[in-house]
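K.L.:
In case it helps, TrEMBL gives these features for our protein:
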| type | residues | note |
| --- | --- | --- |
| BINDING | A:Cys39, A:Cys174, A:Cys187, A:Cys191 | [4Fe-4S] cluster binding site |
Amino acid sequence: MDLTVGPNQFFWTAAQVRDFYESVAKAPVARVVLGELICSKRMSFWTDQIPGAVEVLQRAGKDVAISTLALITLKRERKQTADLLDMGLPIEVNDISALQQIPAGTPFWVGPLVNVYNEGTLRWLAKRGATRICLPPEMPLASIATMVKAGAEVGVAVEVWGHGRLPLAISGRCYHARLHDRAKDNCQFVCGEDADGREVDTLDGQPFLAVNGVQTLSASTACMAWHTEALAAAGVASLRLSPQTGHFADLCQGYADRIAGQISAGDLVAQLLPEAPGGRFSDGFLMGPSGADWSHPIEAA
Amino acid sequence: MTDHAPTIPRLPPLLGQAMRPLPLLPLTVTLSALSRRLAKRHPGMFRRLGEHGNKRFALDPTDLPMVFLMDLRGGRVRLSAHRKAPAAEARIAGPIAAFLGMMHGAYDGDALFFSRDLVVEGDTSAVLALRNAIDDAELDLTEELADLAGPMAGFLRAAVAQAEKQSGVVLHRVDTLAGGWA
Amino acid sequence: MMELVCPAGTPAAMRAAVEAGAHAVYCGFADETNARNFPGLNFSTEEMASGIAGAHARGAKVLVALNTFPRAGGEELWHRRLADAEAAGADAVILADMGLLAHAAEHHPRMRRHLSVQAAAANPDAINFYAEAFGVQRVVLPRVLTVDEIAAINREIDVETEVFVFGGLCVMAEGRCSLSSYATGKSPNMNGVCSPASHVAYAEEGQDLAARLGGFTIHRTPKNQPAPYPTLCKGCFSSGDQTGHVFEDPVSLDAKHLIPALAKAGVTALKIEGRQRSRAYVGEVVRTFRAAVEAVAAGRPMPEGALARLSEGQAATAGAYAKTWR
C-alpha cells in the first residue's frame, strides 16, 4: 500500500500552491493528483502554477494526474475539462461527464466523487479505460474488500480516503458566498479566507461540518491511522491524503512510517492531531456506526 | 405564504370537561371489538408495519380527557382508553380531528407536523411506519363502526353525519375511489 | 401536454395519484433498492403487479425507481428487482448506478431506462454519456439548474428531460451527498434514506423544541412555530458570527408558475416529489398540477391556488430555477 496526494479542495494563493507541491515532491508519496476540484472561478488565480508543479513532482519520480471539477455545469467548464486532455497527463474523473471527452482506449483514473459503489460499476469503468479508482469515502471496510477483489480481476488499483476533511457534498449554491450575504456570481472569492474550510457548528456549539465554496466537508478530519493494517490486508493499493495547511509533508512521512510499521497508530494520531483542521479525528465511515465517529476517542481527549 | 395553514377543528373545552366523568370501560370494549375487526379486515396494514408491528403507540387527543393505547405486542392489536398517559414506545399528540382527518385521507401527516398540530415523541420510525400503514389501509371509521353496530348501522351513520357537521371533525373516508381498483 | 409524473409511496397513494390525474406514477419496492426506503412505505412484488395493472387500466404509466447504488457484494438484490419490475409490467425503470444501468441494458433491453436524479447528470456531456453508454431515454435533471440552463441542455441532447416542480428540495447535487451517513451511518446512496427517522430525536428543552439527528442538533424551534423535520441540509447552524440556515431554509420547491417557461425550454415531463407523503397530499398536489399543465397546454392562464400549507416550513421557493438562489 502506498500514498496518493489528492487534489487540493481549498482555495489557496499561487504562492501557497507552489510551496505546497515543492514540499510534496520531497515527501514519500507515490503519486499526486492536482487541479481545481471545486470551483471554476478559482482557476485563473492559481492554475498557471500547475505546469511548474507537475514538472517538480515528475522530476521527483511521482506519478501525476490532473483532476476534473467535481460539478461541471457551465459551457466554459466543459471546455476547460476538454482542455485538460491536452496536458498529456492521466485525467482523474471527478464528474462523470468528463468521460464524454476522454477517447475510448485512453486510460484514466476515477476520483472519490464519482459513485463507484459496486463491482458492476467498477467493471464497466475498467472496460471503458479506468486503471485506478478512489472509492467514495462513505464506503465501509467490507465493501472496500469486495471492490479490491473485483478490481484485481480487471486490473484496477483501488484507493481509499486516508486522511483529510471528508468531501460530503457538492452543490450549485456557494455557501461561502451565502454566509457573506453575497450571490455566487459576486462572491469576491471569500472562500480564500478559509484555507482549510469554514467551520459550521450546531446550535449547541458542537463542531459538525465545514463549508468550502460550493462544497460541504466534515468538521472532523478523517484519519485512517488505526486502520492501515486492515486496509493493507484488504488489498487496498493506496491511501489518499487530502491537502491541508498544517505540516503536510510531515503528515505524508507519518503515514509512510505507519504503513512501514515504524510508528504506532497512537503515536501517529498524537503527532497529527495538533495540525488537524477542526482538531478532531473521525474514522466512522470505515467501521461505523456513523462517519463522524472516531474509533479511539481517548486519544482525541 | 403561511396564511393557508389548515384549520384543524378543536373540540370545545366544555365537551372535554363533560366527558371527564364518563367511565372508560364501555369505550374500551368498543375499541377492543374495533381492533379485532381492523386486524382481520386489514392484515396488510399490520404487514406494512414490519419491524414496528410489535410496539405500543400512545395516541393522545389533546382535546379529549383520555389517551388511547394501541398495543401491537404479541402479534395482536389491543386498543384501550386511559386516564393517564400509558407507557409506550411512541407518542403522538394532537387534536382528535387531526388523527381522524389523517386516517380518513383528509389531512397530510407531514403537513400537520410542520404546522405543529401534531407532536411526535419517542420512536419516530415507528410513528412513520404507523402513519404510512394507516394511510395505505384507506380506513373508514364510520363504516367499520356501522358494521359493528349491526341493525343499528343506519342510526349510527346518521348520528355520525350529524356529529361531523357540528364538530368539523372528519369521521368518514373522504377520498373514495371511482371503483374497480384491486 | 407535459407529462405529470407523480409520487406513490403506497398502493393507496398510487390510486390517489391516478384518480387525481397523474399521467405517470413512480414508486419503488419495499427495500434498499430505492431512495425512499422509509418505514411503512413502498410496494411488495404483488402490490407492484396489481398497482401497475390498476394504473394501466386507467391509462396511467408506472415508473419503478431502483435508484440507489447497489451494495458491493449485494448487487443480486437490485438485479432481481429489475426482473421483478419488468415482470410486473413497469413502463420504465429509474436508475442511477452505472453498473445497474449496464446490467439493465444487457438483460432487460426492452424496458425503458430513465436516469434518476440521483445520478445528478447536470450537463449535456453527462446526459449524452448516459444516453450513449446505456441507452437512457429520459433524464431527470438535478435541482441545481436554472431554466435557461435547462433550455440550453435540451438543445444539445436527444433524450427527454424531466424536472421537479413541487416538493422537497435537495440543495446538494443529488446522489453526491453523504451528509446523512456522516451523521447517522445511513445514506441515500447506500441505504435509500436521508436523515432517517430512526436517528431523529425530539426534546422539549425550556421554551424550545430541539430536533437532533444522530446526536447533532439540527434545529431549535420556539414552541408554536412551524417545526421542520431535521433534514440535515435544512438545519440551523452557526458559523463564525453567523447563525442561520447555512445551506437552505426549510422551504420546499414550488415551480408551478415556471411550467410555461419549462415547456418552452423543451422539458417533456414534470415531477412531483413526495413518495413519503400521504395520499391526501398526493391527491391535492396532483389535482392542482394537472389543472396547471392542462391550462398551459390550452394556452390558458395558470389557475391560482396555493399549496403552501403542504410544504415544509409552509413556505415555497422556485429554488435553483431562479439564478439568485445560488
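Backbone N, Cα and C define each Cβ position, glycine as well.
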K.L.:
Which residues, same chain and not among A:Cys39, A:Cys174, A:Cys187, A:Cys191, have a CB within 8 angstroms of the centroid of the CB atoms at the recorded [4Fe-4S] cluster site?
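P.N.:
Result: A:Phe11, A:Ile38, A:Lys41, A:Arg42, A:His176, A:Ala177, A:Lys184, A:Phe189, A:Val190, A:Gly213, A:Val214.
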K.L.:
Among the binding-site residues (A:Cys39, A:Cys187, A:Cys191), which are close to chain C, meaning C-beta separation under 8 angstroms?
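P.N.:
In terms of proximity to chain C, the binding-site residues that count are none, since no Cβ is under 8 Å.
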K.L.:
Using a Cβ cut-off under 8 Å and a sequence separation of 6 or more, which residues in the same chain sit near A:Cys39 ([4Fe-4S] cluster binding site)?
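P.N.:
Set apart from A:Cys39 ([4Fe-4S] cluster binding site) by at least 6 residues yet with Cβ under 8 Å, we have A:Phe11, A:Leu69, A:Cys174, A:Cys191, A:Gly213, A:Val214.
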K.L.:
Enumerate same-chain residues with a sequence separation of six or more from A:Cys187 ([4Fe-4S] cluster binding site) and a Cβ-Cβ distance below 8 A; give 'none' if the list is empty.
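P.N.:
Listed in sequence order: A:Lys41, A:Cys174, A:His176, A:Ala177, A:His180, A:Gly213.
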K.L.:
Just to be sure I understand the packing, how many Cβ atoms besides its own are within 10 Å of the Cβ of A:Cys174 ([4Fe-4S] cluster binding site)?
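P.N.:
Excluding its own Cβ, the number within 10 Å is 25.
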K.L.:
Neighbour count, 10 Å Cβ-Cβ cut-off, for A:Cys191 ([4Fe-4S] cluster binding site): what number do you get?
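P.N.:
Result for A:Cys191 ([4Fe-4S] cluster binding site): 27 other Cβ atoms within 10 Å.
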K.L.:
Helix, strand or coil: which one is A:Cys187 ([4Fe-4S] cluster binding site) in, per DSSP?
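P.N.:
Going by the DSSP assignment, A:Cys187 ([4Fe-4S] cluster binding site) belongs to neither helix nor strand, so it counts as coil.
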